[in-house]
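Asker: Quick one: structure below, then a few questions.
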């Protein structure tokens, strides 16, 4: 299994730069997920690793070898596409064995390798079917099978679950996680879905506008986001941001007054920031507490409440600032149009006006 | 209103909508087709016709000129259609490559011949390939030939000239179908093949051609029909000559009807020969291209 190393990697189409200098180490056997909003360059970056896009500047190493100008087929990679990219006129068996024919693999060896991959993916009953006779999830499994038979050093997945319905997506997500455990290969996986990233990744790489915003384990990113973008992107529902101003700086921390909740102050255990600076206070939906349980209380007008049984999501606002609050045991609140919640300073984050975390 | 009456009214409305088209089709297509079938059993010259049963079919078997025309038509079909289909495929694949510069220009240039007038281009070809035409001058300047090639006077070269002409005229037309089909193929299929190390020739042979099979079949069938009906080029470039070397079935029908003493019955019979040939050849092509999978 191979590691992947990117150094100062850039991609430009004419004057338009889409990847603006990426440095990244993907250790061997790791499951790394590139995540970011559409247009952030995550797919382009993956395609550059695959060799489908030329690297404008910088170095790409796979298994310690510089691969910038190496043909895609000689990089030791295999790729699974969003559209599956199955050969429509070939059976599952032929789809999986097709590339091996050109690698000089003997016929009985091809049959054995295809058989092994089919067993791993539970594709054996489908081997003689055509792609059009398969469901979306089955097609995706065939696409993965076609990648497996080549015994690649690195697997590349480009939004593989985007074309599946919600239920199947969850199912396939678990399949892919199981597969990684079994095969122990390096995987680079691109998605715009942060839930997929959180559940699958050893390491998440958050990208925006062609640069890496943060690299870390899912819980690192969740618990300790480097900036407002990552804080808002990782976690569902999204982190809430309350506008505020720094009104006091002391040894024990920084005190913020919330703009839309006059008189509500909160002292956070951080040392950055400047007096009078406009800041955003980040609070996750699940971190709002019962009134009086935290450090400060705020009261809000309820717009909509979604009751899901075990939890509820309350969409509320104050002065036009919309917030989402996750509540447990909230059945008694049905029909209520005013609520009070508390914020705990220890579970809140502070960001400056440029979106950088104040620590 | 009761359901049955409502249904009937809807039926009437539906038929009324398609009636104009049906009447015109019947009048100008179905009627002539049926009438020509009837005619093919008539013998005699000019308006002096009588029912002759299978006499016309018997005449076909003894008619050396008809057999010559049939042979020529087949030579055009067997030689020209594969060349044109192959060329159109190659052009389409080349022009589908997004890295190729001036793609639009090339596409237009290759497609343009098929919107030119048949008469105009035939006349132009005739003058270009004349004994002292630009083609002769060009070939001699490039030292590719020692003397003029007898394009219009030698039976072999006349056939070659006709093949060059129709290939020039129709390749772009077929290419457009392939280009359209190629653009419908998911690009990731080729990317997946590239990553998997499938060489370029194999991507063409084992991916492109099978995926274009329905379109290839379609263009082969329409090209077959077109070649069996070949008329304008031979009429305008060679008049079927020299010594009937480029005489086609269609031109023979024209000659039987309008050039010689009109023999409507017999020319209708020859027309039906084309119909039967198109039917047989299309059937064979469908048989060859049939999806081997039963699903």
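Using N, Cα and C of the backbone, Cβ positions are placed for all residues, glycine too.
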Asker: Can you say which of B:211-231, B:232-252 is given as transmembrane segment in TrEMBL?
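Answerer: Based on what TrEMBL states, transmembrane segment spans B:211-231.
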Asker: Of the listed stretches B:156-180, B:211-231, B:264-289, which one has the most C-beta pairs under 8 A with the transmembrane segment (B:105-124)?
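Answerer: Answer, by Cβ pair count: B:156-180.
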Asker: Take the C-beta pairs under 8 A between the transmembrane segment (B:12-38) and each of B:74-93, B:156-180, B:264-289. Which stretch has the highest count?
Answerer: B:264-289
Asker: Restricting to CB pairs under 8 Å, which listed stretch, B:74-93, B:211-231, B:264-289, is in contact most with the transmembrane segment (B:156-180)?
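Answerer: If we count Cβ pairs closer than 8 Å to the transmembrane segment (B:156-180), B:74-93 scores highest.
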Asker: What residues elsewhere in the chain lie close to the transmembrane segment (B:264-289), defined as a C-beta under 8 angstroms and at least 6 residues from its ends?
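Answerer: For the transmembrane segment (B:264-289), the nonlocal Cβ contacts are 36-37, 39-44, 49, 52, 56-57, 59-60, 66, 70, 77, 213-214, 216-217, 220-221, 224-225, 228-229, 249-250, 252-253, 256-257.
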